[in-house]
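Okay, so here's the structure we're looking at.
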Amino acid sequence: MSEETCVVVVDDHALLRRGVVRALALDDSIKVVAEGASAADAVELTRMYAPDLILLDISMPGNGIEAARAIRDLEVSTRVVMLTVSGDEDDVTHALEAGAVGYLLKGTDALDLITAVKSVKAGESFISPNLALRILSDDAQAKASPLAPLSEYEKRTLCLISEGLNNREIGEQLAVTEKMVQDNVTDIFRKLRARNRAEEALVVEQIWVGLQSRLKLH
């Protein structure tokens with residue numbers, strides 16, 4: 001039997017919160033130990049339960065990003081994942097700077113939500129794949145010849161990623177090892193983001209790790 005993962009869900013929209021709880025209940029190894037509706041609730045429930053993971057909305061009373069900062073300062077091992085409607089890159093950046101290790105968009109299906117929780121519990125990071133690719137695409141559009149730094153092999157790999165293939169499947173398509181794919185994708189994300197300001201380096205790293213979490217389906 002797999003180890004139980006204790007989760008707190010905090011969102012001021014009760015119906016959405018209950019939907020998340022029901023989705024997580026589909027996996028017997030995940031237990032929602034408490035629910036809240038504000039940043040203050042998030043901090044207090046973290047103190048009370050020290051859950052493995054807490055899911056936070058951004059647009060709730062007290063602000064979810066501020067709650068993430070406060071939780072980061074507590075002496076607990078709770079990992080923070082944002083679950084929000086906002087796909088704004090600034091919100092992603094601020095959330096990661098506040099200590100979040102995951103960023104999911106509301107509307108994420110139950111399987112992906114469960115996958116994200118398990119990935120984060122395993123010590124990885126997670127960002128909704130579509131959001132990560134859109135951020136990279138938006139960034140690339142601001143540059144001349146955005147794919148120019150990539151080799152043809154890297155462009156093919158990027159296309160396979162956009163089709164939702166995981167590392168093993170990409171390796172099979174390209175007749176290379178999974179480790180070679182992992183190294184190649186690391187280079188792709190580095191190249192596409194290389195011209196951004198230095199302080200965004202952490203965001204680049206988190207986007208890559210999050211995509212790896214999703215693609216490897218841990």
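Cβ coordinates are placed from backbone N, Cα and C, and glycine is handled just like the others.
Keep in mind that this is a model prediction, so the values were computed, not measured.
As recorded in TrEMBL:
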DOMAIN    6-121  domain 'Response regulatory'
MOD_RES   Asp57  4-aspartylphosphate
DOMAIN    143-208  domain 'HTH luxR-type'
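Each residue in the domain 'Response regulatory' (6-121) gets a DSSP state, and the totals come to 52 helix, 26 strand, 38 coil. Long-range C-beta contacts of the residue listed as '4-aspartylphosphate', restricted to its own chain and to partners at least six residues apart, with a cutoff below 8 Å, comprise Val10, Asp11, Asp12, His13, Gly64, Met82, Leu83, Thr84.
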